[in-house]
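Remarks on the structure that follows.
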Amino acid sequence: MPIIAPSLLASDFANLQRDIEMVNASEADWFHIDVMDGVFVPNISFGMPVIQAIKKHAKKTMDVHLMIVQPERYIETFAKIGADIITVHHEACTHLHRTLAQIKEAGCKAGVVLNPATPVSVLEDVLVDCDMVLLMSVNPGYGGQKFIYKTIHKVKKLKAMIKEQGLDTMIEIDGGVNLETGQLLVDAGADALVAGSFVFGNEDPLATIAKLKKL
Ligand code: DX5
Ligand code: ZN
């Protein structure tokens, strides 16, 4: 069964506590938290005060996806305010190996994110240091975008790389996940699925999460 990580980016910010309680009561495993800085991606989402507010109510793993430049400047802060998993973009890290070590030192699981245009081959020498790899199946910055099908091929390639190196690195996918794309991803070897608009845009988010969980 895949890990399901609803993205709060698609929640109703005016009813954030209500939406968090829904996820708490659901079959979802993680909270996916999208931090955007308006520089690395062309959009700004939310930062520390909002994450602290989320943490007060969230009873599941906090999966924090940093879409920011120089993420190394903020790792300790995100760990302190409640992140369990921190993922940083390959495209945003000059010293990726060092940043992954910094995340682990801060007590969190460390993950690398790849944009749709970045090949999985860039991970060859750093895969051993990753607890997770997050493959973007849309260009980061916005929820509700169309799934890029090329991602299925990347999942298969990454899965083979992980196997070849004898690792148990998790594969998470983010962007355009629904029941159809989710099934293809699970079949290809994905371990965790992020879903934003598909969950929160549905009139029955609990049932939607349950369906994703059954993929
Ligand atoms: C996009 C974010 C995603 C987003 C996914 O930059 O990283 O987590 O919330 O939204 P959907 O599931 O609507 O594509
Ligand atoms: Zn995300």
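Backbone N, Cα and C atoms are what each Cβ position is placed from, and that goes for glycine too.
Going through His65, His89, His90 against TrEMBL, the one listed in the divalent metal cation site together with His32, Asp34, Asp174 turns out to be His65. Take the substrate site that TrEMBL assigns to His65, Gly141, Tyr142, Gly143, Gly144, Asp174, Gly175, Gly176, Gly196, Ser197: the candidate from Ser7, Ser11 listed for it is Ser7. Under the three-state DSSP scheme, Ser197 (substrate binding site) falls in the helix class. Cα to Cα, Gly176 (substrate binding site) and His32 (divalent metal cation binding site) are separated by 14 Å.
Only Asp34, Asp174, in sequence order, out of the recorded positions Asp34, Gly141, Asp174 have a CB under 6 Å from ligand 2.
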